[in-house]
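Just lifted these from Swiss-Prot, have a look:
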- 127-133, 189-197: 3'-phosphoadenylyl sulfate binding site (BINDING)
- ASN99: N-linked glycosylation site (CARBOHYD)
- ASN228: N-linked glycosylation site (CARBOHYD)
- ASN316: N-linked glycosylation site (CARBOHYD)
- 1-6: topological domain 'Cytoplasmic' (TOPO_DOM)
- 28-356: topological domain 'Lumenal' (TOPO_DOM)
- 7-27: transmembrane segment (TRANSMEM)
Amino acid sequence: MHHQWLLLAACFWVIFMFMVASKFITLTFKDPDVYSAKQEFLFLTTMPEVRKLPEEKHIPEELKPTGKELPDSRLVQPLVYMERLELIRNVCRDDALKNLSHTPVSKFVLDRIFVCDKHKILFCQTPKVGNTQWKKVLIVLNGAFPSIEEIPENVVHDHEKNGLPRLSSFSDAEIQKRLKTYFKFFIVRDPFERLISAFKDKFVHNPRFEPWYRHEIAPGIIRKYRRNRTESRGIQFEDFVRYLGDPNHRWLDLQFGDHIIHWVTYVELCAPCEIMYSVIGHHETLEDDAPYILKEAGIDHLVSYPTIPPGITVYNRTKVEHYFLGISKRDIRRLYARFEGDFKLFGYQKPDFLLN
């Protein structure tokens, strides 16, 4: 019996030692690849990302902050308007463009310039470039109406009632004094897009019911410039382009009188080479230009420019291409030849997509 217990104890000891040795071998020779893979998985899924602190770098003295703000739109913006005026001066000095950029400061020009004596402002009217809104601003400033919203639409263009005197109504001495000392501005847009707007407004829609455009001016253009005399349609944009591009257009202009203000050049309207304007605004950037003009004129605390509908000032090349579709290159080139001064004076790109 005693021997049986000794044998059982010996077997138990052998089994115990075998288990210890097996555990030791397992711990010592585990597959490193399996372990490292498991650890990598845990690191990617459970460990938060630890970001290194930025290393301190040596900053050259001239690049260290000075406390001054970087240029923003309030500082950059005046440079845009200075560049516009400089471009006008350069084009005005170009003898090759003299016939397209210069015009006498005649009564026709002085009739286009409206006066706000109270705030010493002169505004040259360039129709089809949002001029109705600028007239409203000046009417309020002159005190004829307390707010823009209260001005009846029929009064805006009635110069006997709207309280806006024309510069031509003053004596020569008073005209010169105002031209030299007042804040002067006008607005431009792409010349060809303006012509499209004029054609639509006066010959297609005619929202102000001005029947003379359709019943007097349109027939005169058709008689002179329509190639197919048997065609009975009303005036087409092609007829309008031929009229405007004709070097001998002036004899018709004389018959049409002041109605031509809606399509003659900016040069003919405002004489930018003869009159030193303070600011030239662009229809395409009116959202920025309108507040800037009000500020420069010192009236931004008195009146605001009416809200501009989204997208209305954006240049629409597709529309331009549509209207000029089917018109001969010869007629388009003649049109550009007349308006080349406007394109160059105000920095508008030559419309090669129509000319070539």
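Including glycine, each Cβ sits where the backbone N, Cα and C put it.
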What whole-number Å value do you get for the CA-CA distance of ASP190 (3'-phosphoadenylyl sulfate binding site) and ASN316 (N-linked glycosylation site)?
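With the alpha carbons as reference points, the distance is 10 Å.
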So if I measure Cβ to Cβ from ASN131 (3'-phosphoadenylyl sulfate binding site) and keep only same-chain residues at least 6 apart in sequence, which ones fall under 8 Å?
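Those within reach of ASN131 (3'-phosphoadenylyl sulfate binding site), by Cβ under 8 Å and sequence separation of 6 or more, are GLN125, ILE187.
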Which of the three DSSP-derived classes (helix, strand, coil) applies to PRO127 (3'-phosphoadenylyl sulfate binding site)?
coil
At a 10 Å cut-off from the C-beta of PHE192 (3'-phosphoadenylyl sulfate binding site), count the other C-beta atoms across all protein chains.
23
Just checking the glycosylation sites ASN99, ASN228, ASN316: which sit within 10 A of ARG194 (3'-phosphoadenylyl sulfate binding site), CA to CA?
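Candidates kept after distance check: none.
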If I take the Cα of VAL129 (3'-phosphoadenylyl sulfate binding site) as reference, which of the glycosylation sites ASN99, ASN228, ASN316 has the closest Cα?
ASN316
Let me make sure I understand the structure: which of the recorded positions listed (ASN99, GLN133, ASN228, ASN316) has the fewest other Cβ atoms within 10 A of its Cβ?
ASN228
